[in-house]
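Structure record follows, encoded as structure tokens.
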Amino acid sequence: MIVAHLGVAVEVLFDDGERHQVRVKRSSGHVVGDSVLVRGEVLERRPRNTELRRRDGRGAVHLVGANLDVLGVVVAPRPLPPSGFVDRAIVAARAAGLQPFIIVNKEDLDGAAELTAELRALYGASLPVFSLSAKAGVGLDLLRQFMAEGHRGAFVGTTGVGKSSLLNALCPDLGLAVGELCEARGVGRHTTTVATLHSLAGGGELIDTPGFRDFGLVDIVVDELIVHFPGFEQAMMVRCRFRDCRHRAEPGCAVTALVEKGALAEGRYQAYLDLLSEIENAQDEARRREWKN
Ligand SMILES: Nc1nc2c(ncn2[C@@H]2O[C@H](COP(=O)(O)OP(=O)(O)OP(=O)(O)O)[C@@H](O)[C@H]2O)c(=O)[nH]1
Ligand SMILES: [Zn+2]
């Protein structure tokens, strides 16, 4: 398994526990989490179960890691997640075949209990919601137990919510700089980003990619939103009459039927409609730009 990517080489962890570096071309496409057969200097990649992608500051898409099965969406009472952030992250995770879960960090701050209660009410039926303080080292055990079920994951969240602090708390040998920019550590813009896979003491693995922590997930598209929106799980089991139903006013829509019955909260549905319009507009805009070029 590839446990670190160093740009010009990857570190491979073998079944017998040995680690060796193998040189790779930059274009090889191997990423952390890949399962490979090593024949001399040649790596033969096994098919991936999942691929997690991110978008960088210039809009280019990169592969973050392979074969992850969970994605931790980290939020905090300060800075609060921007509107739609949690829904987007959940949809992006599911679209990539990952099980999302939520971490409310900075449990020690005012407003944390309210934020956790709010998120549990919104998402508790769909996914796990953990409340903890990375800095104080409080409440980490439930998260450790969850990861120890054998999960491989990564964290996303807006800047300053405490992703580095959380990785440090879970992997004490890591020593990530907290609350500092990469430049401050002398890591220039052109230095290769090192991605690593960390094994947790109690079980489970976390992938750390500095770029991913900074820029977050790729944008989601309408088709992903209409299938994966958190809260629509029940409706998706019945399915709408039209396969590409956008759950607005289409006849035979399973989602609007649930809203009418009171089985799906009006507020949740409204959050969906807002996000849908936002994504439709962004997609239209992108298409117009393509025509112009
Ligand atoms: N009060 C409180 N502060 C915390 C906690 N966890 C992290 N912080 C603080 O939040 C700030 C941001 O923490 P980081 O771990 O750097 O956040 P990050 O999400 O990795 O930020 P980026 O690297 O910019 O994406 C730091 O000043 C931390 O000390 C916590 O549990 N409680
Ligand atoms: Zn529908």
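The backbone N, Cα and C atoms fix where each Cβ goes, glycine too.
What TrEMBL says about this protein:
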- Asn105, Lys106, Glu107, Asp108, Gly157, Thr158, Thr159, Gly160, Val161, Gly162, Lys163, Ser164, Ser165: GTP binding site (BINDING)
- Cys240, Cys245, His247, Cys253: Zn(2+) binding site (BINDING)
- 54-215: domain 'CP-type G' (DOMAIN)
- 66-213: domain 'EngC GTPase' (DOMAIN)
Cα-nearest neighbour of His247 (Zn(2+) binding site) within the listed binding-site residues, Asn105, Glu107, Ser165: Asn105
Contacting binding-site residues for ligand 1, chosen from Val161, Ser165, Cys245 when the Cβ sits under 6 angstroms of any of its atoms: Val161, Ser165
Cβ atoms near Glu107 (GTP binding site) (within 10 Å, other residues, all chains): 20
By Cα-Cα distance, the member of binding-site residues Asn105, Gly157, Thr159, Ser165 nearest Cys253 (Zn(2+) binding site): Gly157
Whole-number Å value for how far Cys240 (Zn(2+) binding site) lies from Thr159 (GTP binding site) (Cα to Cα): 38
Structural state census, the domain 'EngC GTPase' (66-213) (DSSP three-state): 47 helix, 32 strand, 69 coil
Sparsest-packed among the binding-site residues, when each Cβ's other Cβ atoms within 10 Å are tallied, from Asn105, Thr159, Ser165: Thr159
Which listed residue (Val161, Cys240, Cys245) has most other Cβ within 10 Å, given these are binding-site residues: Val161
Sparsest-packed of the listed binding-site residues (Lys163, His247) - C-beta count within 10 angstroms: His247
Distance-selected binding-site residues near ligand 2 (C-beta under 6 Å), from Asn105, Gly157, Thr159, Lys163, Ser165, Cys240: Cys240
